[in-house]
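Some features that Swiss-Prot has for this protein:
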| type | residues | note |
| --- | --- | --- |
| CARBOHYD | Asn52 | N-linked glycosylation site |
| CARBOHYD | Asn145 | N-linked glycosylation site |
| TRANSMEM | 201-221 | transmembrane segment |
| ZN_FING | 269-310 | zinc finger |
| REGION | 325-400 | region 'Disordered' |
| MOD_RES | Ser345 | phosphoserine |
| COMPBIAS | 356-368 | compositional bias 'Low complexity' |
| COMPBIAS | 389-400 | compositional bias 'Basic and acidic residues' |
Amino acid sequence: MAWRRREASVGARGVLALALLALALCVPGARGRALEWFSAVVNIEYVDPQTNLTVWSVSESGRFGDSSPKEGAHGLVGVPWAPGGDLEGCAPDTRFFVPEPGGRGAAPWVALVARGGCTFKDKVLVAARRNASAVVLYNEERYGNITLPMSHAGTGNIVVIMISYPKGREILELVQKGIPVTMTIGVGTRHVQEFISGQSVVFVAIAFITMMIISLAWLIFYYIQRFLYTGSQIGSQSHRKETKKVIGQLLLHTVKHGEKGIDVDAENCAVCIENFKVKDIIRILPCKHIFHRICIDPWLLDHRTCPMCKLDVIKALGYWGEPGDVQEMPAPESPPGRDPAANLSLALPDDDGSDDSSPPSASPAESEPQCDPSFKGDAGENTALLEAGRSDSRHGGPIS
């Protein structure tokens, strides 16, 4: 389970990294550029010929051009003077009509031209050749009160602004009537507009779709693996439980000191390679091989066969398929007159030294074989201590 948790953690970090990448790309200005522009304050003033009153209005309704110096300008308003009524001021020889109050001459003036017909740069250069102090372009009628960015690189230090169509037509009509109109231009509010370029939008969309596909594929793979692993764990636990019940039918014997025991040619456990000691609990397989119980039970749970002769112990007990696929066989009954819990003994030397080697009597703690402690929990579950004795006509004592 640990490696699966690590795999899930790595996958989650990958998804998080992709999400952070997409968010970073979506931050305004991350892949695009910032647009900075300034609004213009437009102040117009004139004398109404009917009432002889001065009329003036101030509004922040203009917008400076991209290449225009952000500074103020002042002068009388002049409009293109052409026989055909060309108000766009595109022709190189365009002349401007500037009504002057009181017949004064050589006063600073501001060119008012309509948008269209040529580039912004051409309009500005034509007015600059006529010594205009500033150029005011009014937008087309279809845009209403909207002003748009203007690109006019290479026009020098002349002030260039754009005003809306209604505002431009209002001033134009006054000038065409011969009314002198004075315009004062001031610097308005600074605006910063950040945006993402079209290529960045496409890139972010592709990255997001890729992230979603990878995340979905990883989640599907993860949950399929988790489902399969959970199913195998449940099946394995059920199988081990049934196998423990079958192994519990094998006979158990307790080693006693000083008694002649069963006729088995074995002095030690083939699993832990330790000699059998007093009070050791051993298990005898159908093939007559003996092992420590805490050593052989975990082995049989995993392999089902005798470690020495490879006999299938489960089949030898009458289970031809998986332990859970057949019914349990009844445990063998003990012979009449015998206590089924009686201990059988293994041949060990007496204390008087009559045998070749006489190991000292071991305490219960010392006589326990040094098998893997992790096996003890599995080996102790569902284990039945079945002990039976048989009489030997020759010795009159316990035999194998």
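The backbone N, Cα and C atoms fix where each Cβ goes, and this holds for glycine too.
Rounded to a whole number, the distance between the Cα atoms of Asn52 (N-linked glycosylation site) and Asn145 (N-linked glycosylation site) is 30 Å. Break the zinc finger (269-310) down by DSSP state and the numbers are 11 helix, 9 strand, 22 coil. In the three-state DSSP reading, Asn145 (N-linked glycosylation site) counts as coil.
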